[in-house]
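What Swiss-Prot records for this protein:
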- Cys27-Cys55: disulfide bond (DISULFID)
- Cys35-Cys49: disulfide bond (DISULFID)
- Cys39-Cys56: disulfide bond (DISULFID)
- 72-95: region 'Disordered' (REGION)
- 1-22: signal peptide (SIGNAL)
Amino acid sequence: MKFLLLVLAALGFLTQVIPASGGGSKCVSDTPGYCRTHCHRGETALFMCSPFRKCCISYSFLPQPDLPQLIGNHWPSRSRNTQRKNKKQQTTVTP
């Protein structure tokens, strides 16, 4: 009976200590992030909830940047440069 009372007391204490939302409260109602002291892997801090807590948002919720499309190869290939060097060496070596 004492053991059962001890278990119930421990469970009651744990419900007060462990947060139900997985480590943090929601940042803002329209933001899909949580206020935490450290962000998990795969998350980034968008802004500060309080002086010690960051609003951590998963990378999957962030917009992807629009990168410019590259046309063609802007850098000369290494094989082309080595061909030029080989031609120069052949012309200087031959008497």
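A Cβ is built for glycine as well, from the same backbone N, Cα and C atoms used for every other residue.
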Exercise. Quick one: give me the count of other CB atoms within 10 A of the CB of Cys49 (disulfide bond).
Key: 22
Quiz prompt | Between Cys56 (disulfide bond) and Cys49 (disulfide bond), the C-alpha gap once rounded to whole angstrom | solution = 9
Quiz prompt | Number of other Cβ atoms within 10 Å of the Cβ of Cys39 (disulfide bond) across all protein chains | solution = 18
Quiz item: Name the residues of the same chain, 6+ apart in sequence, whose Cβ is under 8 Å from the Cβ of Cys27 (disulfide bond)?
Solution: Gly33, Tyr34, Cys35, Leu46, Phe47, Cys49, Cys55, Ile57
